[in-house]
Amino acid sequence: MSIDSHLSGTINKPDGLIKNNKSKTIISILMVLIFSVLFDSAFGYSVKPGYVLALFFCLLWGARYPIVFQLLVVVFAAISAMYYPIAIMYGSPNINIFISVFNTNINESADFLNNIPILYIIPSIVLIVIAALALKTRKYLPNIKSVALIAPFLLIVLFNPLKVYSTTNSITSESVRFTLFRFANELYQSYKIVVASELKMKQLMAQPSTWAPSLPANDYDTYIIVIGESVRRDFMHAYGFSIANTPFSSTANGLFFQNYISAAGSTQASVSGSLVRRHNGELQHNNNIINLAKKQGLSVYWISNQGSLGNDDFGVSQIGKQADSVTFLKKGEYDAQSFSDRDLLPHFQQAIVEKPSAKKLIILHLMGSHSDFCSRVDHQYDEFFISKKLSCYVQSIKNTDNLLAELAQTASSNHKKWTMIYFSDHGLSAMHQEQGKVVNFQHGGRSKQNFQVPFFITAYDAKQRKEIHDYRSGLDFLSLYAQWTGSEEPLLSDKCDLLSDMNCHKKIQVINFEDKLVDYDSLADLPFTL
């Protein structure tokens, strides 16, 4: 080798090395930037370029200290990857999401995970991969002076609080909109609201009720209320669905409400909103259906497959525990065993036969069509409909209908003069589409279909089948209950006959996921189409 060629090679090596390092630096910067974008989009908020840059500057500052950078990336990746599918399904943190977590046991968590489509998990996987690449290429990030990174970070993060301060002379936690802080703050605020609501509920329940009802003015001795779960009425044959999945309710006589709107789009909010009196926008937990029935002279039974979950004294379970006889198939948050709704039948039979001379109210709270649908039916269904999950959903409704038939038969065979209400706590909305077809459902609060539920009243002596087409609201359930039992209650004075097709001229409202009342008509109408 000549001296010239040797010198040429020596000179070219640094040039190649410089070019190589520049490429690695660019790639490393891109990984951090992409990670920042994915992180900002993982919590259900619209992506804000300014907050993307703020996180980007924060990570570049952390890159000066390897351990700090690793800690930031790992923690941020873990939080955002876990919440990403929830954000896609339900949006940013709110009270209903927190309540769902607050009252979920291990078994329900597994059902939730099984119900997440693979497509919804892909962003989390991509985010984790990008995070790993950012960690691997950290050493190629430029070493920028701290002040050049901290200054723009603070400028972006504090811009909105300072803007708010300039007009209000105060800074609140809500004024800080930086994504990570906003997410943490909204979780904390939801926690505070739930804890405060729980405390207030317990305090109210400790107070005596102010009900003063008259005794039931009819000949029935057994009142049965069955609270279903997650049933859209348009998926019941009794309401026009194509598959014959409701042999009992399709042929039973009674009153069938064609436009009953649930109180809310989630179980806790809807059942509480239905069974507890609301006055001036506040729930009066001391005035609920249990102590109303007791003052009517009824022996009250609460038989639940929903269980006493999570916090043992929270929400609907606390209402149920005021009954004279209480049965929860599930005893606590660590009880991961799953029960069929048919396991409620022996307890119902016992309630029917004991105290034969007493008039009774028997309330059954079902798991019904709770997701994961296929877990409800042991992955067995009679007829395929579009997808396995929807087939299981259709079957779960059929199983509930069969249970209603058995309840009616049990009451009749024991010579009871019975009457029964069935309704679902809430409906569901389309969740996941393949080739333009809806193949699964999820909880929600943004469409009318989340609130369009079945509601009907049947009885041992019902001679004809009548449809009620005027709108009725789950928020008026207690008024409807009083009319059903033939009782007058001053606190539930309703001049409209809710059991007729009378137009009550009431604005129908529902409780949204932020625990606020909104007009039903303001929601999107997204009917199911094949």
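Positions of Cβ are set from backbone N, Cα and C atoms, glycine also.
Database features, via TrEMBL:
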- 26-45: transmembrane segment (TRANSMEM)
- 51-79: transmembrane segment (TRANSMEM)
- 118-135: transmembrane segment (TRANSMEM)
- 147-165: transmembrane segment (TRANSMEM)
- 222-486: domain 'Sulfatase N-terminal' (DOMAIN)
Legend entry - Surrounding residues of the transmembrane segment (118-135) on its own chain - C-beta under 8 Å, 6+ positions past either end: 28, 31-32, 34-35, 38-39, 41-42, 59, 69-70, 73-74, 76-77, 80-82, 84-85, 88-89, 432
Inset, instruction - Could you give the residue numbers and ranges of same-chain residues that sit at least 6 residues beyond the transmembrane segment (26-45) on either side and whose C-beta is under 8 angstroms from one of its C-beta atoms? - result: 51-53, 55-56, 59-60, 63, 73, 76-77, 80-81, 83-84, 86-88, 90-93, 123-124, 126-127, 130-131, 133-134, 137-138, 140-142, 179-180, 182-183
Legend entry - Mean predicted confidence [pLDDT] for the domain 'Sulfatase N-terminal' (222-486): 91
